[in-house]
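According to Swiss-Prot, the protein carries these features:
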- 261-294: region 'Disordered' (REGION)
- 262-294: compositional bias 'Pro residues' (COMPBIAS)
- 301-318: transmembrane segment (TRANSMEM)
């Protein structure tokens, strides 16, 4: 439960009672005078035509009439209590559960009863809703929620530490909210990389913190710098050159004209290495020279020839 209080003057005096006995037969001149306690003392009243002690006439708080608000979107009564304020009657201190004040009709009624209430606006406007794109945003940034216009007026008119605390609390609880990129910029690694290289105002170069972007911003972040340096873009270009960031990283988050960026020429292609020369196969050893064959004497042939000659000689001898 988130408690919020406001004070209002009660004008209704209809719910009255006597602080002590004040009717014939029930009082006397010796009846002690009563008191209204914390209730509204409307003054003295004569009792029993003056025969009894006069008594204060008191009025009770008209809780619903003084403090009543419309019910929440879920049909719950936001009123927690109604008590006489520390200043005394007829000032009434109305206490509400701010979590149950969740419609614009309730807010409008609250403002008509109590006037502007930054504390209510902080709780009401710093609630997550969806925009027409289906993204989670605060009511300040919503283009679909009926309270968008009212919350933007509060956002513009009530800069200060209390509002900053409400913005910061919303973005801590909703780190993925589309309108928290500026407040949550420290969680963006691209922001961290670029920020470490310079001290220029974030509104000058980080797109979510630019003055014309629909992002939640604290205090002086909403002021438009008059002397934004141009060197920051060269820093980013250098980071693109050395590969610290990519174009996809920075094109939507860094406020530079990237059409002026000229990427460095690609490095020359390395000369392919000369393939190694295949090794020369070893020369096979020279086979040994075969020995010269010697003539083989065929003894059988020689004996045959010799035999044939001998036979021929014998035949010729016989003829003779």
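Just so you know, glycine gets a Cβ as well, placed from its N, Cα and C.
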Positions on the same chain near the compositional bias 'Pro residues' (262-294), where near means CB under 8 A and six or more residues out: 240-241
DSSP helix/strand/coil residue counts for the region 'Disordered' (261-294): 0 helix, 0 strand, 34 coil
